[in-house]
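For reference, the structure is listed below as structure tokens.
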Amino acid sequence: MSKPGTMIAATASAAALLAAVTGCGSDPYTSASGEVVITCATCQESPTDPFLQYNYEAAQRFNEAFEGRYQVETIENPNAGSSDDRLQYYQRLALAGDLPDVFQLNSAEITAMQETGRLHDFAPALEDDEEWAATFHDQAFDALTGPDGQIWAIPQQRDAIGIYYNTAMLEVAGYDEFPSTWDEFEDLAEALKRQGGIAIAMDGDWTTMLMWVNLIGTQPGGPEFLGEGIATMDDWGEDPVVTRATERLRDWHEQSYVNADAFSGDPQNAFAPYLTEEAAMVANGPWFVSTNLTTDAAAPDLYEHTGYAPAPGWTEGDRGTVIVSGAGWVSGTTDERGLEAVDAFVKFMSSEEEVLTQAAATGANPPVRVDPAATEAADLEPLATGLVTEAADLTYRYPHARVHGPAGFSTAWKNLWPAYVQGEMDTDEFLQRLTDDAASSGM
Amino acid sequence: MSAATTLRPPSRSPGRTAHAMAGRTKRTPRRVRGTTIPRGARKAVALSLLPGLVLFGTFFLVPFLVLVATAFARWGGLDFAWAGLDNYRRMLEDPVFFKALGNTLFYAAASVLIQVPLGVAVGMVLALRPRGWKALRTIIFVPFVISGAAYAVIFSMFYNPRSGLLNNVLGALGMPGDRDWLFDTATARWAVTGTFVFIIGFVVVLVMAEIASIPNELYEAASVDGASTRQQLTRITLPLLRNVIGTAILIRLLVDIGMFDLVFILTAGGPDDATATLALYAYRAYLGGEWGYANAVGSVIILIGLVLIVTVRRVFRIGERTL
């Protein structure tokens, strides 16, 4: 073959290979068998994350149920679970116009991602299908809504987050029931400390923040701060509710009611003392049962003598609890057939059968109203469902600071909280710096 | 036929390789531009260099130029605007930047002042091949090959205030055993430093290799002149280690000014930025969507690296032959 001929042949071969590799010329939304294929970035198998594992199994069921019409294709994604890098990962994909068709984000991430203009608005789909929209609990979309009424995500769960307590340890300390006020809580903590135990286990991150939120949320004006003020105020220290809560939480460390290793941000520092019965209490969500409480890491029979309670109140009868919608399903597709499949997928995931399956697999509670008989038949985790039922009658219900708070809240908290507890700064300085650092997203 | 012979143009004066091989001429070979590669081979040489140049350009030059250019921009992925020196001005006004800079230099200094002298001393002792030196060399080198992340996890358990080995030992000795070493602002930086300054395996191996290359005749002559072992170590070995000590210092400094994984896992830079490094500070800016600012911090790290390279090379005259 002549030299030009060789060049042409080589170029053609390279082009053909490139086209085959990139799929150029084919329709990315249509499989060989004519199904509409959508990608899911949070549906991969996971031996450690029960939510991801449930998503994976649900996607398989969806593929079976919609065989011949729609198909979910799983994308392996290192940022599928909760991680500091997750938001950046999806922002990069949004910039490249390459967001997955379905994936999950939490409320703070959704707030940041809406600025990319690449998220699909589910509001029209919910308006078109009123029956489906009516299945969701009231305020289910509150943390997932955009400034102009857009609904960026379909909630996956609606959980009450309470405080786990060891009934046997409380009994030894002279308490048959979980304290109903913070004063009683501190009396109990003192009694537990005298017996050589740890009253409440914390980690300097998630579990510590939960108690901070509980102390804020159970005061008049507290839920308003957690729902709005946390995102709009220039200095959280100007709110006396926040100051009182912060100082009370700090005092628990000073009084040694909390484990000594409560600042690393490693959740195991909070979970391990509870699981080994060194600590009498720990705050966490309902998933703690399946991921920790019923595993080999827990002391024998610990589950049998564990209770799950809402937070005590500052005054008698004014208890409260954190309510979270957790991660929601979002979509980055703009293709009409892709959107049709996405709508079918999110409706499938929020169906009564699926939310009950999810509840059984993960302990997360349904974001939709479910027939009580079906709930009972599903034999859901009683600790979690009990708290959800109890939450309806509590004085206060409030979101977690990580839901409505600025994206940098967690990083700022982990950095500043140990220094504040050690007396390196006063409450005013701590709260001012926390506000500033959280707003600058991790700086 | 050797490559040098093949590539040497037949009608011109021989190149350096040919001279070195022949070793007969006293004239210093003059380097003439464009004469070392025969015309017919230039295309082949260019083609053979191309993959390397493409890789270098793609994975080093382009990212480097992007980093330097975007350090002068407000860039968060979603938006881009030139900002002149704003990022650098902001850096100079941010006390956290100076904390991170101070910590980074502290870690680097600790490496140079503890790790290198200790490594040189141990290397010199092991070079005398005392009984069990091979086993010792292996034991000393093992921590160097453990991943930084695994090392950090081990030390976070070691320092754990409730269940860690350190506090338990201190408690058993009747000393206060409840300090949170990594999350107490008074001890955090020292605790982090303690995790890496004693990893001397790399310096030890470098020193031992260099000592092995020192001609034995020097020691024999010194011995004949009545020099003691200590004198041989201080008057012969140590001066001849100048190059390798300079190299070890340079490598340690360059590794330490980019320190990230160890600190990130141990403390994430806390408490109150007491252990934060420049690399971690840049990473936080990146997470916060301030990519331009993160790159400005990155360019400062590069600048510090360049200053260190030039300074250490000059001070230790790295590359100059001793013998």
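Using N, Cα and C of the backbone, Cβ positions are placed for all residues, glycine too.
The annotation region 'Disordered' is assigned in TrEMBL to B:1-33. Feature annotation from TrEMBL assigns compositional bias 'Basic residues' to B:24-33. Positions annotated as transmembrane segment by TrEMBL: B:49-73, B:105-128, B:140-159, B:190-209, B:249-271, B:291-312. For B:101-312, the entry in TrEMBL reads domain 'ABC transmembrane type-1'.
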Field: Candidates B:49-73, B:140-159, B:190-209, B:249-271, B:291-312; stretch with most C-beta pairs under 8 Å toward the transmembrane segment (B:105-128)
entry: B:190-209
Message: Cβ pairs under 8 Å only, please: of the recorded stretches B:140-159, B:190-209, B:249-271, B:291-312, which one is richest in them relative to the transmembrane segment (B:49-73)?
response: B:291-312
Message: Give the nonlocal contacts of the transmembrane segment (B:140-159) in its own chain as ranges (CB under 8 Å, at least six residues past its ends).
response: 122, 165-166, 180-182, 191, 195-196, 198-202, 204-205, 261-262, 264-266
